[in-house]
Amino acid sequence: MVVVTGQNKVSGNPDDAMSSSDAEDDFQEPATPTATQAGQALPLLPQQFPEVVPLNVGGMYFTTRLSTLRRYEDTMLAAMFSGRHYIPTDAEGRYFIDRDGTYFGDILNFLRSGDLPPRERVRSVYKEAQYYSIGPLLDSLEDIQPLKGEKVRQAFLGLMPYYKDHLERIIEIAKLRAMQRKARFAKLKVCVFKEEMPITPYECPHFNSLRFERSESETKLFEHHCEVDVSFGPWEAVADVYDLLHCIVTDLSDRGIAVDHQCIGVCDKHLINHYYCKRPIYEFKITWW
């Protein structure tokens, strides 16, 4: 092998000579390990936290004890600050949680002393408690208003077949009509009836006698679908038509949809003998802007 300088040519047997690139490879210093390689070779040590923890939750600053964050071991916060997971810090050294911090103070107050938020913040704090998986806080919030009442309301709506599907149908029909007419609002007809069969006060005795002793052919004569866009009912519960209307309007409003409604009469379609459909028909007005 012949060692050459930068200006001299290689002499000797080409097979025995070493190329300049090979020589460089032989004398090259080992490359610095990448971050990924280093992480694989040397796993990160458990993260250590101070007793007093500064926090940055979505740009809002909080300070609390480490023991407060670890109050309930089955929560996300306890897992985050267990030392098993790495939590980034901001420029001031605060531990950063990428979450809206508006209601994080309510979360801390419950972890510190079991305090619950005011009624107007219960729903929002409940969502945060779900995110952080704080079971005791979820249980406490579910036992107070408005969540306790919501559980009763959902039990009633559970009796209503296709309730959510009907809400979606109202929205889709109203949107389509407004777009077709290039209008701010759209109107549609909705039937809400509690009883399976249509009745009127003076027909009750006759109706009740037929209700339990009618033949299959008579049953078909009473089968009827009102000419409306959407129908809700029937159901068996103390809650009446006005209660269901309240649920419909509330759920549409919660989705940011402005809705007005008024009763515009009854179906009044003739069925058999002196029986007419007396299910109430409501006009819903959906305003889009």
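Any Cβ shown, glycine's included, is placed from N, Cα and C.
Record features, source TrEMBL:
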COMPBIAS  1-11  compositional bias 'Polar residues'
DOMAIN    51-149  domain 'BTB'
REGION    1-35  region 'Disordered'
The domain 'BTB' (51-149) [mean pLDDT, rounded to integer]: 96
Residues in the domain 'BTB' (51-149) grouped by DSSP into helix, strand and remaining coil: 43 helix, 16 strand, 40 coil
